[in-house]
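Working notes for the structure below.
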Amino acid sequence: MKVAVLGAAGGIGQALALLLKTQLPAGSKLSLYDIAPVTPGVAVDLSHIPTAVEVKGFAGEDPTPALEGADVVLISAGVARKPGMDRSDLFNINAGIVRNLVEKCAAACPKALIGIITNPVNTTVAIAAEVLKAAGVYDKNRLFGVTTLDVIRSETFIAEAKGLNVDDVKINVIGGHSGVTILPLLSQVQGVSFSDEEVAALTTRIQNAGTEVVEAKAGGGSATLSMGQAACRFGLSLVRGLQGEENVIECAYVDGGSEHADFFAQPILLGKNGVESVLAYGEVSEFEANARDAMLDTLKADIKLGVEFVK
């Protein structure tokens with residue numbers, strides 16, 4: 001199994017690469033690419049960790065050598081948020097980066113599963129889809145927006161608020177991956193109930209958690225370590241699905257035939273072809289139904305921005 005990380009010298013990329021080096025199945029290959037000249041050195045550094053995962057690093061303008069033969073590609077390249085920015089402010093820089101990298105994926109590894117981490121995910125996934133369509137290799141079951149950070153934050157914050165073991169908390173987070181488009185389905189969490197006030201406060205905290213980190217780092221970065229963990233969890237789930245493991249389920253932002261929008265985050269069953277099936281996200285509360293309906297104009301506008309960027 002070969003996993004490529006594009007943007008591997010960045011804050012998310014290095015954290016993700018470290019976690020993959022220690023957690024990928026024995027015999028896997030880990031390929032690191034970044035435009036930054038330090039990238040081969042990151043690979044050398046990681047290669048000293050005693051796990052049966054082979055690491056190679058590639059720098060420069062062309063990621064093709066890193067992509068050849070990749071089964072999974074995780075794209076975290078781009079600029080990070082700074083105080084005062086929201087994820088959509090990143091669009092002007094990151095849109096072009098994602099377009100260029102996905103063009104290379106289309107040529108070098110057209111069958112790979114591609115996970116987009118680069119923000120704004122609501123838009124960059126739509127860009128990736130249009131690039132793959134233009135190249136004639138688009139398969140909606142092989143493209144994912146990685147929204148796992150919203151899930152792990154929800155798990156953490158719920159466990160903290162209710163004094164639970166975080167391993168026991170399971171939650172679906174639907175919609176998109178910025179602001180009001182992030183919707184944790186708190187009404188579905190087993191064995192716990194929330195007051196209306198708790199639901200409103202927790203939902204807002206989960207939606208604004210990225211900003212919480214950006215402000216806490218005081219201009220020194222955004223959520224890199226927790227995002228690295230989230231991306232590793234999702235990447236490992238992709239690998240487990242490819243290897244034939246059953247019942248591998250994650251939430252992700254996909255072109256899944258949703259009634260709500262062309263791309264929508266919801267639970268998916270992963271397998272040898274990427275998305276084996278898109279799962280129903282179940283019954284929602286009145287609060288959740290209203291929040292879902294209220295987000296759709298924002299989500300659709302984000303998607304349209306990505307489609308028009310490529311066209």
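Each residue, glycine too, has its Cβ placed from N, Cα and C.
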According to Swiss-Prot, GLY7, ALA8, ALA9, GLY10, GLY11, ILE12, GLY13, ASN94, ILE117, THR118, ASN119, MET227 bind NAD(+); which one of ASP34, ASP139 is annotated to that same site? ASP34
Using Cα coordinates, what distance in whole Å links THR118 (NAD(+) binding site) and ARG153 (substrate binding site)? 18
Long-range same-chain neighbours of GLY11 (NAD(+) binding site), Cβ under 8 Å, sequence gap at least 6? ALA80, GLY221, SER222, THR224, LEU225, GLY228
If we check Cα distances from ARG153 (substrate binding site), which of the recorded positions ALA9, GLY13, ASN94, HIS177, MET227 wins as closest? MET227
The most crowded of the recorded positions ARG81, ARG153, HIS177, judged by neighbouring Cβ atoms within 10 Å of its own Cβ, is HIS177
GLY7 (NAD(+) binding site) to HIS177 (active site, proton acceptor), Cα to Cα, whole Å, comes out at 19
